[in-house]
Amino acid sequence: MEGMVPAGQLLLTLFTSWIVACAADTKQTNWPLYSQKPVLLVWNAPTQECGTRHGVTLTLNQFDIVATPNEGFVRQNLTMFYKERLGLYPYFEHGGAAVHGGLPQLASLSQHYEKMPDSLQRYIPEPGAKGLAVIDWEEWRPLWIRNWDAKDIYRRKSCDLVAEKNPKWTPGEVEKVALQEFELSARKFMVETLKLGKSLRPKQLWGFYLFPDCYNHNYKEGLRNYTGVCPAVEVERNNQLNWLWMECTAFFPSIYMDSVLSSTNYGRLFVRNRVKEAMRLASVGDGLARPVFVYTRPTYNGQMTLLTETDLVSTIGESVALGAAGVIFWGDTSYASTTSCNILNKYLVGSLGRYLLNVSTAAEQCSKHLCRSLGRCFRREPDRDVYLHLSSATHSITSPSGQLRVTGAPGKAELAFFRTHFQCQCYGFFCVFSSHLWRGRTCLFPQTVV
């Protein structure tokens, strides 16, 4: 049989297998929030009024977590902390008025600390609760150079602060010090917020909404030469944020798609490179790789136009194939009308629901057969168009009584496909060779190797 080894070599491998990595260049990652769920599906759109106000009960049974970002909802398995919900976040209002000092270098970290426990007690009252804690602070970015357009006020106000203290300095001298003061203060504010959050709610996975980003939106300049690749300058800037990546315990990047990318390979490249960059940064520093939960939408940006089936693959399918730990569906108040509620529900029981069931089941089957349910499957070749999909020859998705269900089991061809195109990112530190070496690498507890 192909891949067989002599008995003596096999015995030696069994004694030494505990030191062999599952995927040599890939770190192990955290255990999933729910066992047997390598991919977490989350609905985080403000659609609770579909049922209460519009009489449309959304069919959300494909989702492992259903949460709303709206105020008044607590004890959720995903908590979104807007700027007014967690401590005393400094920012400027649109009219220019400073809130909590406006600038991070003028904020009171001690007062922020004092306020944070109250915020956490309100939204996550049980200290031992498991879940996702997403900090949505979008007013300023921690790197000076990235505070462009409306965010330039943070650079201008920082320069004003330095110039006021040093009236004889040149503009260049002022900006140099202002940059240093802003970035140091922003870093301290974000890091200390994460540290306190993790200390008070240690079983939550903490990170910032939209981080990391690679700013590969240059398709807006034209599609002809668009590759989706993250600009080199943005990759280097992301490297400057290693202090942030190492403090987070989860990443929450976005893969929101503009309609100009609809049903094109450009859309797939856009998503692919954003997720690849997040996965790269997830392994920064010591310890386990951080899980990546991508934020997507069931519609195109700024519209109620539903994603095509091609773009379900380009967003959800692409992310899962690259090793994302979860997919979070976001939305806004435009989703909460009678018309939009009906549109969404039809989508949920139709192509969206079917695709979610398809890809999540395939991910579970790959995890079970390739990783022994101790790891998550991801592509061997990140840029190859292969996906975790069920075969129609061995599976069927039906909807008896209106509930989507999948039946079937993977055949030899599917299992061979898993082995050929995917590998395991194991959970925890339990990644060793399988005792049946011809089956390839898998995830095992060392004591189970026999």
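Even glycines carry a Cβ here, placed using N, Cα and C.
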From CYS424, CYS426, CYS431, partner that TrEMBL gives for the disulfide involving CYS371 = CYS424
Disulphide pairing with CYS341 per TrEMBL - partner from CYS22, CYS50 = CYS50
Look at the disulfide annotations in TrEMBL and name the partner of CYS230 from this list: CYS214, CYS248.
-> CYS214
For CYS230 (disulfide bond), name the DSSP secondary structure in the helix/strand/coil scheme.
-> coil
Shortest C-alpha distance to GLU138 (active site, proton donor) - which of the recorded positions CYS50, CYS230, CYS341, ASN358, CYS377 | CYS230
Should CYS366 (disulfide bond) be counted as helix, strand, or coil on the basis of DSSP?
-> helix
Around the Cβ of CYS366 (disulfide bond), how many other Cβ atoms lie within 10 Å? Please give the count over every shown protein chain.
-> 27
Which of these recorded positions is closest to CYS214 (disulfide bond) if you go by CA atoms: CYS50, ASN358, CYS366, CYS424?
-> CYS424
Report the nearest neighbour of CYS366 (disulfide bond) in space among the recorded positions CYS50, CYS230, CYS341, ASN358, CYS424, comparing Cα positions.
-> CYS424
